[in-house]
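Structure record follows, encoded as structure tokens.
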Amino acid sequence: MAHAAQVGLQDATSPIMEELITFHDHALMIIFLICFLVLYALFLTLTTKLTSTNISDAQEMETIWTILPAIILVLIALPSLRILYMTDEINDPSFTIKSIGHQWYWTYEYTDYGGLIFNSYMLPPLFLEPGDLRLLDVDNRVVLPVEAPVRMMITSQDVLHSWAVPTLGLKTDAIPGRLNQTTFTATRPGVYYGQCSEICGANHSFMPIVLELIPLKIFEMGPVFAL
């Protein structure tokens, strides 16, 4: 989960998030290299005393600074496309959960368990217990198993929302009249937090998402025992 004054990304809890962190580091390394080369060229330009007013032809140099950026773009695009296709891949999910965005709360439906439906509201400050997180904890958590592919079906009943849990590498828009889907496989148990990531009105900041990930054997005893 996130920590106060955190600079980097949250720890990965799914294979997709691990890939995203790796791609982030890969792209950042290329960006730092480009910045270093540009600053070095500027430094040489400002410090050298040699000047020339003659226009010279440099076909080799022009070829290099045309091909080199193309190679850099390919090095960034290929892993990016790979992750993009991974996020769209649906691998025979074991469970399906439907999430419906409202102003300003979420409704969840366990479609594999008799259509169990419940609402999830942010806990007001007066109802917070010791250890609860302000603006992040909810009255009803979504309980899901680890080490099992889960499919989220996401939509909205009023305006645009976005269902996002950073530690799982998930962010899917909730669009009225449209049903989007995403899958994930959590790799470790715990409680993980997210929020609506699409400005949806005055109380946009008060739409937290809380996932409680538990071992599969415990989940099979009753998927909503923690509610």
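Think of each number as a place in line: the chain as shown, counted from 1.
A Cβ is built for glycine as well, from the same backbone N, Cα and C atoms used for every other residue.
Summarising the annotation, Swiss-Prot assigns topological domain 'Mitochondrial intermembrane' to 1-14 (among others) and lists similarity to another entry as the type of evidence.
Sequence-distant contacts of the transmembrane segment (15-45), counting only residues of its own chain at least 6 positions beyond either end whose CB sits under 8 Å from a CB of the stretch, comprise 9, 72, 75-76, 79-80, 82-83, 86-87, 166-170, 184-185, 187. Annotation comment: Swiss-Prot describes 15-45 (among others) as transmembrane segment, evidence class similarity to another entry.
On the 0 to 100 pLDDT scale, the topological domain 'Mitochondrial matrix' (46-59) averages 74 in this prediction. Per Swiss-Prot, the feature topological domain 'Mitochondrial matrix' maps to 46-59.
Summarising the annotation, Swiss-Prot assigns transmembrane segment to 60-87 (among others) and lists similarity to another entry as the type of evidence.
Per Swiss-Prot, the feature topological domain 'Mitochondrial intermembrane' maps to 88-227 (among others); the stated evidence is similarity to another entry.
A simple way to gauge crowding: the CB of C196 (Cu cation A1 binding site) has 26 other CB atoms within 10 angstroms, across all the protein chains here. The Cu cation A1 binding site annotation in Swiss-Prot covers H161, C196, C200, M207.
According to Swiss-Prot, the feature Cu cation A2 binding site maps to C196, E198, C200, H204. Classification of C196 (Cu cation A1 binding site) by DSSP places it within a strand.
What Swiss-Prot records for E198 is Mg(2+) binding site, and it gives similarity to another entry as the kind of evidence. Contacts of E198 (Cu cation A2 binding site) defined by a Cβ separation under 8 A and a same-chain sequence distance of 6+ are given as L160, H161, S162, D173, A174, H204, in order along the sequence.
The Cu cation A1 site is defined by H161, C196, C200, M207, and by the 8 Å test on Cβ atoms against their centroid, the other residues of the chain that qualify are G101, Q103, W104, S162, A174, Q195, S197, E198, G201, H204.
Between the candidate binding-site residues, H161, H204, the densest Cβ environment within 10 Å is the one around H161. Ranking the binding-site residues C200, M207 by the number of CB atoms within 10 A of their own CB puts M207 at the top.
Each residue in the topological domain 'Mitochondrial intermembrane' (88-227) gets a DSSP state, and the totals come to 15 helix, 62 strand, 63 coil.
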